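Trainee: One structure, as structure tokens, below. Some questions next.
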Amino acid sequence: MTIIRKKHPLIKLINHSFIDLPTPSNISSWWNFGSLLGLCLIVQILTGLFLAMHYTSDTATAFSSVAHICRDVNYGWLIRYMHANGASMFFICLFLHVGRGVYYGSYNMIETWNMGIILLFAVMATAFMGYVLPWGQMSFWGATVITNLLSAIPYIGTTLVEWIWGGFSVDKATLTRFFAFHFILPFIITALVLVHLLFLHETGSNNPTGLNSDADKIPFHPYYTIKDFLGVLILLMAFMILTLFFPDILGDPDNYTPANPLNTPPHIKPEWYFLFAYAILRSIPNKLGGVLALILSILILSIMPLLHTSKQRALTFRPITQTMYWILVADLLILTWIGGQPVEYPFIIIGQTASIAYFAIIVIFMPIAGMIENNILDLD
């Protein structure tokens with residue numbers, strides 16, 4: 001068996017990635033989220049595949065086809081709610097995974113980090129298009145508002161929006177193409193994940209100390225396979241409690257009303273995992289400025305290696321930057337809350353303050369904190 005595992009061209013790849021992979025001996029549970037994201041992706045692809053067998057991407061029948069899945073298809077309700085809440089679990093794991101990367105300085109593995117940012121954009125695009133497919137009120141108006149943002153691009157904006165819509169409004173053509181893209185993107189994401197892993201295995205994993213761990217590696221299996229399995233059990237338990245007991249808690253009641261272009265919902269808002277970016281978008285009165293801030297809120301992650309001023313990699317032994325980091329986390333939670341609130345006093349000013357704080361902490365305060373710590377610790 002050992003000979004096959006190490007010699008067979010295909011099994012050898014799996015062996016080097018998941019079995020004999022040299023792994024730091026001290027990585028904590030924060031390193032579980034990579035494998036949990038892989039699990040989420042598999043769950044989403046499988047449930048999505050079964051949903052696609054019964055779904056029709058036509059404005060006249062899309063809403064009723066989703067109702068048909070829930071009422072008439074065997075365990076259709078379960079598949080539908082697993083897919084909807086699976087997206088939420090996916091984003092929870094994603095945010096924790098990125099947060100871990102920021103905390104422990106994993107952004108210094110530049111290829112892996114940039115690949116991760118591309119993956120984040122791809123997953124966000126997939127989730128947005130998936131939200132449009134049930135063709136409820138929030139699906140329709142969310143698609144209208146978000147795609148309309150592209151009209152802020154000078155000269156080509158309006159033409160671009162009409163090209164994406166396939167007409168002069170969000171309609172049948174838009175729904176059909178969104179379904180096509182929503183179906184193909186997870187497979188593209190799977191390919192990008194393999195590239196992400198390829199880059200990661202070039203350098204090896206980071207660890208909680210941020211120090212080089214070449215002298216102290218252990219094989220991935222059985223040590224981390226069993227540790228990941230515990231994470232999988234906890235995730236699945238949380239996931240099934242959410243899906244079976246509170247399936248609609250993260251959704252929007254407006255999406256149980258069929259799409260009506262003549263009736264605008266009182267508060268148009270995206271799913272909870274986009275609310276922080278939506279709050280940043282809304283906090284700028286100018287349309288183009290808002291769109292740029294929205295894109296930059298994610299793209300700012302790509303300049304993190306340039307903003308790293310500390311002589312230490314991780315925040316483990318850096319209390320000042322740690323404080324900044326947790327203020328940033330609190331700020332993101334405030335932005336998420338604001339994104340779901342109506343555009344009125346005092347939410348407008350809170351959103352603007354939180355948006356400025358978000359960029360200021362990353363670009364100004366964390367690099368300054370790093371330099372201060374270098375001086376305190378006399379690390380010239």
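Each Cβ is built from the backbone N, Cα and C atoms, and glycine gets one as well.
Per Swiss-Prot, the feature transmembrane segment maps to 33-53, 77-98, 113-133, 178-198, 226-246, 288-308, 320-340, 347-367. Sequence annotations record features per position, and here Swiss-Prot assigns heme b b562 binding site to His83, His182 based on similarity to another entry. Annotated heme b b566 binding site per Swiss-Prot: His97, His196, in sequence order. Residues annotated as ubiquinone binding site in Swiss-Prot: His201.
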Trainee: Could you tell me whether the transmembrane segment (288-308) and the transmembrane segment (347-367) have 3+ CB pairs under 8 A, leaving out pairs under 6 positions apart?
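Mentor: Yes, the transmembrane segment (347-367) and the transmembrane segment (288-308) are in contact.
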Trainee: With contact taken as 3 or more Cβ pairs under 8 angstroms (pairs 6 or more apart in sequence), are the transmembrane segment (226-246) and the transmembrane segment (113-133) in contact?
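Mentor: Counting Cβ pairs under 8 Å (6 or more apart in sequence), the transmembrane segment (226-246) does not reach the transmembrane segment (113-133), since there are fewer than 3.
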Trainee: Measure from the Cα of His97 (heme b b566 binding site) to the Cα of every one of the binding-site residues His83, His182, His201, then give the nearest.
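Mentor: Among His83, His182, His201, His201.
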Trainee: Between the transmembrane segment (33-53) and the stretches 113-133, 178-198, 288-308, 320-340, work out which stretch tops the count of Cβ pairs under 8 Å.
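Mentor: Per the Cβ under 8 Å count, 178-198.
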Trainee: By a Cβ-Cβ criterion of under 8 Å, what residues six or more beyond either terminus of the transmembrane segment (178-198) are in contact with it?
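Mentor: Distant contacts of the transmembrane segment (178-198): 17, 38, 41, 44-45, 48, 52, 55, 57, 112, 115-116, 118-119, 122-123, 125-126, 129-130, 132-133, 143.
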Trainee: Roughly how many Å separate the Cα of His196 (heme b b566 binding site) from that of His83 (heme b b562 binding site), to the nearest whole number?
Mentor: 24
Trainee: Compute the C-alpha separation of His83 (heme b b562 binding site) from His201 (ubiquinone binding site), stating it in Å without decimals.
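Mentor: Rounded to the nearest whole number, the Cα-Cα distance is 30 Å.
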Trainee: Could you state the CA-to-CA distance between His201 (ubiquinone binding site) and His182 (heme b b562 binding site) to the nearest Å?
Mentor: 29
Trainee: Sequence gap of 6 or more, C-beta under 8 Å: which same-chain residues meet both conditions with respect to His182 (heme b b562 binding site)?
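Mentor: In sequence order, the residues whose Cβ lies under 8 Å from that of His182 (heme b b562 binding site) (at least 6 apart) are Gly48, Thr126, Met129, Gly130, Leu133.
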Trainee: When neighbour density is defined as the number of other C-beta atoms within 10 angstroms of a residue's C-beta, which of the binding-site residues His83, His97, His196, His201 has the lowest density?
Mentor: His201
